[in-house]
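The structure appears right after this line, and notes come after that.
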């Protein structure tokens, strides 16, 4: 060896030789030293790196070559406390021994240490390593009955807590809350627990909630939170599902593509209809350059199987051309035959230049010299589909080793003999085809990428290796497998040893779950294989890390570890199935559940359509396991804590090490291709004095383990119920009729908790709903010992092989006729003779148009029947249609002569027939109070002019309580829209007064309480949708620029009063109060902000005094004391103003009530005296009015007092009732006021508008509580000269019952007699329609129609153009409503309504009961307002009548205008009739 050159000949030796000699000499010296003393034994101590707090764990210990008595001690050091885990004397090597020990409880993530000592006569072994103690809390999951809800539906959900062994925990949840999309808390339940370990809760959604994602938040005692989201949207369940099947990708060389569209009903039958298909490729657009996409489109009928397959040429799309987007967009629109309903499905097809791809699979990243290296190469196409029978070239270190051919799965297995490979690294490359290196500008060339893999040689000091053969597929629970282990051992130290012990240890979820020992005879050969038997169980899920090791006499630990994926399973085995796979709707089916005895099983079954509408992350084994904080512990970094210990072995120089014929390069970091890496991957700490690491370089640059706590970095793999194609045939000569009447269509069918008996089985019978669909059921179960378990989904197809479907519009106008269509579906596998009958009725005349007679319907076909319907009267009209099979032989099918089953299906639907014109109402109210007396009175009901014939509906009612009518109608006090933040409060606030009044008078029943609280809950949810982020409220919420001071105060005080009955978020209230306080000026008065579209709410006066009085009242009614800073300053404002002359009556009434409510007697009395001067009296009653109207100013459409007058009068009444030292004389004065207020009530207990209803009911409730008499006994009789007589009895038991009767004639004169004691509230109501009146008051309105499209074979469509302006006496109107009644058979196009909001043309749009309601803000005097939207026909009405349009001031309804419009498609429709 030439180790010197030139002038360096003076060196004694070159550096390499010198180092070799030094190492040799050192080895000789060490050998002599070792001969002088007994060799120390080898040991292995194993403990999980993460110990789970307050639970048992395991430690495993082994000694090898032990030949003297030693004292062994293992200690857990934590928080200055040492806990002895293991302490004993031992003299022999007894193999691997494991024992349990208890981990102390901790409150947080804690660092601890395990110390090991072993003392003998000639040696003293010590090691100390870090571990982590993890505070393992229970984890919580939430399940809702559905993933999506409609407004007004109830949400049902469950909460379950499990420990880390998946056993149920009886948690007490301090708080379970529901948040809306704006993070407002709308429901909460405190200190919730359940003895069965399943909490089940239900709550309602308001009819008009905030749409979007809601959260259920569950808080545990520790403060840890779990959340679950669900969606609230307006939706219609899809009747069928549309799927597009197309290749996921195309290559630039593909010449065609096949697209298949299928439409299938949810009950599994094909859809009959047509499909519009378009396939498009877009250009890449740069700057302002926009090009239309290249498309192929067509429309075709679906085949009888509901599918359509079509082959398209790809030539037009120029797949290999640059300048286009690299995808095709497929869109399919399927429309049912003779229906408007359609569904759309889309798919994107990517375009790739990659013709094929190679990938190495099932390979190891290390090779062990002497053990064959196995692997697979997979060849796939652009869709990842296998390419078979192709030759793959494999290069090892850039040399072609062999050619391999792919099998039918596209896989080519390979093996490499490593016995003669010495390289520290192998470079593997797989090649299929070589890509063409020729490129043309503007064109995309195909490519065939190769695959590369780098494999490192595993380090072993003795060149001994163990390799566990991996399994690349998940193992299922209960499965028995034999695991193959390869080994090769260096013969050094085995001269006299024939049997070698191999040990194996399994880790899962951070615990030792498996240990064992295999004895192998190595006498014949030091390399070979052995098998480890493995029985998979739930303890090993979701991943088992298996370590196989042996202790080599040359003081090396030879090992390998591998990760096996295990099916996510549970100890509690749950099975769920329906007794049948298919059954008729409305029949009974059994749901059979099997689980561990005494389990409680939570079952859910939902309509498959729900899951089509919104796919959800179903509760599954996957989702439950994902909640476990330690699914698969790998490595030494957990939850930000680094548990890496310093290497025990001394470092070496940076020169390559030559040992046993191999060169090794020392590591420059602590991690390398060695056994330590396998041990580390187990997530276990290993204490050993055997070699496990590749040597590490001694340099300052050596990468040391980071500090224990990390701010970032990778973490250790943790994650926090008899149906077939036909019904079975009965014996010959016996005929059965299977009849169904369908009316129950839920979305969630089953939501139950079922107890499993001691046999481990339960069977529950359910009635299948009427929905023809597939039901998906699932169950999870909990039991204290068996723990948690869950079933795979079970399905039931609820189906009718024969049924009829009737389609009706929502309503029509009296005098119109329309076409009704019934479709009869036959899903039997043979033709049948049918009879279809529309039940005769006195309410309509029906004329069959087609077909001319009944006939046969063949298999998988439907038949349509059409009648022309002529309604005779008004009101709800019921249509009952029955379809039945009859006389099968008439269809000339010989094989069916012996069938003895008939089918009959009936469907009942209702249609509203409305009178023409506009609905109106007049009432007469009488509050009669007496004591043992008789009162008689004549009552006349006159008929107004311009009444639509047949529309008047007079009635008479009586109730024994001043609040009785309002209590019965608290949800419908006004027959007006409620689509904004002001109007919603009329649905909310009166419930508070009703509850408070009934509570004070001890009349509150559970039924009334439940109903009114339900309304409060709903109103609370809805009102939050009008809240701004700063805590204020406005009419249309965030659509308004800022919150409104007046409305915010109203909401604040109402929520405060409601908090006695329902949950109100304190944080919401606190934020609102802060906002109100910021609006107070230095003089104590409040500034007005925001636009309030109700001038009446402000008494028509734009001044800060009325606002300040109102806010002061609100804060006092909210429960704040006079010492509150805001209130104290507010009264400074009011007292200063009271020293001046306040002339406005509305402001006087407000200020009077404020001072009376605050107990300021002198000022209160002063204002009441002043108000008395302006009081009006009529028929013994007293009231106040804002401005006296002259006769010409009064509306021809309505005849009631101004709502402001009711409001003022009510405030005066409240002032009287709350004045300090109230006297009997005050109550007498109050009774006269009450008489006048009562006379203004409508038939539902409300008044003319919003604020007058709220304040008047508050005042009436206060008066009723102050004058309540518990004794009521009255007999009321009403009669007429035409033999009509009706007698009512009112007593203490039924005083809140609203008793009603229709009156026989109008116009008419009636006599009324009241006899007894107590008060009764009597009312006559006349509801009627009027023809559109001429003229207008306050508004102008015109309606135009345009852009009509009226084809014969498709639904008609046109635009409605509304042009209006305000012409009243004020500078602007209040909020305006335009009520557009839909023409019979037409519906609005939703997208056009949405556009009105998006363009800020209107503030709100509602579509209810065939009316489009458009909300406009204040309209300025004579300012033109134009609104346009589209309507389309969804039903054929053959002789349609005009539809009315009304515009009116919501708060001053006497200001109005009316108009009407007709369909531009009328001529075409009338020809069809």
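From the backbone N, Cα and C atoms, a Cβ is placed for every residue, glycine too.
What Swiss-Prot says about this protein:
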CARBOHYD  67  N-linked glycosylation site
CARBOHYD  82  N-linked glycosylation site
CARBOHYD  89  N-linked glycosylation site
CARBOHYD  191  N-linked glycosylation site
CARBOHYD  342  N-linked glycosylation site
CARBOHYD  403  N-linked glycosylation site
CARBOHYD  588  N-linked glycosylation site
CARBOHYD  757  N-linked glycosylation site
CARBOHYD  1141  N-linked glycosylation site
CARBOHYD  1221  N-linked glycosylation site
CARBOHYD  1315  N-linked glycosylation site
CARBOHYD  1347  N-linked glycosylation site
SIGNAL    1-36  signal peptide
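Of all the Cβ atoms in the protein chains shown, 9 others lie within 10 Å of the Cβ of residue 89 (N-linked glycosylation site).
Put simply, 588 is the one of the glycosylation sites 82, 191, 588, 1141, 1315 whose Cα lies nearest to the Cα of residue 1347 (N-linked glycosylation site).
Comparing the glycosylation sites 403, 1141, 1315, 1347 on other C-beta atoms within 10 angstroms of each C-beta gives the minimum for 1141. Of all the glycosylation sites in the record (82, 89, 342, 588, 1221), the one with the smallest CA separation from residue 67 (N-linked glycosylation site) is 89.
Each residue contributes its Cα atom, and for residue 757 (N-linked glycosylation site) and residue 588 (N-linked glycosylation site) those atoms are 22 Å apart. Its Cβ placed at the centre, residue 342 (N-linked glycosylation site) has 15 other Cβ atoms within 10 Å. Between the CA atoms of residue 1221 (N-linked glycosylation site) and residue 1141 (N-linked glycosylation site) there is a gap of 26 Å, rounded to the nearest whole number. Ranking the glycosylation sites 82, 89, 191, 342, 588 by the distance of their Cα atoms from the Cα of residue 1315 (N-linked glycosylation site) places 191 first. Nearest Cα neighbour of residue 1141 (N-linked glycosylation site) among the listed glycosylation sites (82, 191, 588): 191. Of all the glycosylation sites in the list 191, 342, 403, the shortest Cα-Cα distance to residue 588 (N-linked glycosylation site) is found for 342.
For residue 67 (N-linked glycosylation site), the number of other Cβ atoms no farther than 10 Å from its own Cβ, over all displayed protein chains, is 13. Other C-beta atoms found within 10 angstroms of the C-beta of residue 757 (N-linked glycosylation site) number 11, with every protein chain shown included. Scoring each of the glycosylation sites (191, 588) by how many neighbouring Cβ atoms lie within 10 Å, the top position goes to 588. Sequence-distant contacts (6 or more apart, same chain, Cβ under 8 Å) of residue 82 (N-linked glycosylation site) comprise 75, 76.
Here residue 191 (N-linked glycosylation site) is compared against the glycosylation sites 89, 342, 403, and the shortest C-alpha distance is to 342. A straight line from the CA of residue 403 (N-linked glycosylation site) to the CA of residue 342 (N-linked glycosylation site) spans 55 Å. Each residue contributes its Cα atom, and for residue 342 (N-linked glycosylation site) and residue 89 (N-linked glycosylation site) those atoms are 82 Å apart.
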